[in-house]
Amino acid sequence: MSKVLTSLPTGERVGIAFSGGLDTSVAVAWMRDKGAVPCTYTADIGQYDEPDIASVPDRAKTYGAEVARLVDCRAALVEEGLAALTCGAFHIRSGGRAYFNTTPLGRAVTGTLLVRAMLEDDVQIWGDGSTFKGNDIERFYRYGLLANPQLRIYKPWLDADFVTELGGRKEMSEWLVAHDLPYRDSTEKAYSTDANIWGATHEAKTLEHLDTGVETVEPIMGVRFWDPSVEIAPEDVTIGFDQGRPVTINGKEFASAVDLVMEANAVGGRHGMGMSDQIENRIIEAKSRGIYEAPGMALLHAAYERLVNAIHNEDTLAQYHTEGRRLGRLMYEGRWLDPQSLMIRESLQRWVGSAVTGEVTLRLRRGEDYSILDTTGPAFSYHPDKLSMERTEDSAFGPVDRIGQLTMRNLDIADSRAKLEQYAGLGLIGTANPAIGAAQAAATGLIGAMPEGGAQAIASRGEVSADDELLDRAAMESGTD
């Protein structure tokens, strides 16, 4: 049975995620006028686009809200963001710049905590401002039902009566004026902005056109680093981690993780760090474009991954990146609390993050232009003396050891040579006219003639001494692999 209502449930309490903007304000007033009982819930997520979040519930009451609550979600959002940082749960990357999934993080927290707050007031119907074309409608749907299995969903923007009467900003403002309700006649921006303590998303309207660049966006968490008239002095900053968590900035400890993130935002923001322009695949696989800010997360991420690379081996790093990317996509789809996500999170936090302790000092300049000045920690796998070109004592291995290691490589090199000889015989390589077609042929500029027998020559040990021959036979007779 569908959980989504397509008409207003008159006489019932309807919870609305209330931002205080025109859309949600007119929705509350319209629902009250048509006989429903609107109850508003505003999430304090440290949003940088709302300077007076504490006043929002009173605004909701002006429009007819029966209940108007402010729910402090900052601590929970910071904790989920730190988990994402530890796991590298960021799958959207382009040209070396990442989107740090700041909006999906916010939806996981608000979609859960607001519905839990509604339950306390016996509100079993929930609505928000997400549209049917975007990601948020599915994210909120999933998190809402996880928090309250009995939840029903009513979105005014899916109600034909609401859309017919109030289909645009002009109609909404005229409706409020006609009903003697306040309307803040703010200038409509050229794009839409959504923000929380971890970052800001700018999208839609003019930004839907790819010939409109990032420089048309006015940062709300940082500075216009691309503008030469904006003076940005270089700054050195040291980030300290303990078991995968950032704990200090320039040696200073903070009363709460929220305070640390605010300071990271301030430091990264004054250099324009963490701003990226991304084309991404929405949940429904349609492509969209967003311009993102995340100065604090970008700063912490740069320091964290420096330590990760100094501490963990190659296979662990590969798993970290592969599973982190998968976890990022799951979060993007609204599956941050699903079992498969919890499994990946637990693994990465336990086996990758717990070992990450140390400090990284960076020199920040403009945007992503920074240098790493120092990296220290108690348990690095990086040991410069082991690979030094100078004479060292207690070296891990010597020339003879490396000769033996190279000799062991003969087996797989011989196997590769045998395959190349086979491909040459088929006309796949070593010729300008591949027999099976150019689309199936690899680049062959480095490969010349491939006479047979090369593989055997590589794998052969040549003449061996009598002692080595005896050892080989002994190993075979004893069944040793």
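Including glycine, each Cβ sits where the backbone N, Cα and C put it.
Here Swiss-Prot has A17, F18, S19, G20, G21, L22, D23, T24, S25, A43, G129, T131, D136 binding ATP, and the candidate from D180, D194, D211 in that same listed site is D194. L-citrulline is bound by N135, R139, S192, T201, E203, E280 in Swiss-Prot, and the record lists one more residue there from Y48, Y63, Y99, Y320, which is Y99. With respect to Cβ neighbours within 10 Å, the binding-site residues D23, T131, D136, R139, E280 differ, and T131 shows the lowest count. G21 (ATP binding site) sits 16 Å from T201 (L-citrulline binding site), counting Cα to Cα. Fewest other C-beta atoms within 10 Å: among the binding-site residues S25, S192, T201, that description fits S192. Sequence-distant neighbours of G129 (ATP binding site) (same chain, 6+ apart, CB under 8 A from its CB) are A17, S19, G21, D23, T24, A27, K155, W157. Cα-Cα distance from T131 (L-aspartate binding site) to S25 (ATP binding site): 16 Å (rounded to the nearest whole number). Note: Y99 (L-citrulline binding site) has non-local neighbours F90, I92, R93, S276, Q278, E280, G290, Y292, A294, i.e. same-chain residues 6+ apart with C-beta under 8 A of its own C-beta. On the backbone, the CA of S25 (ATP binding site) and the CA of T201 (L-citrulline binding site) stand 22 Å apart.
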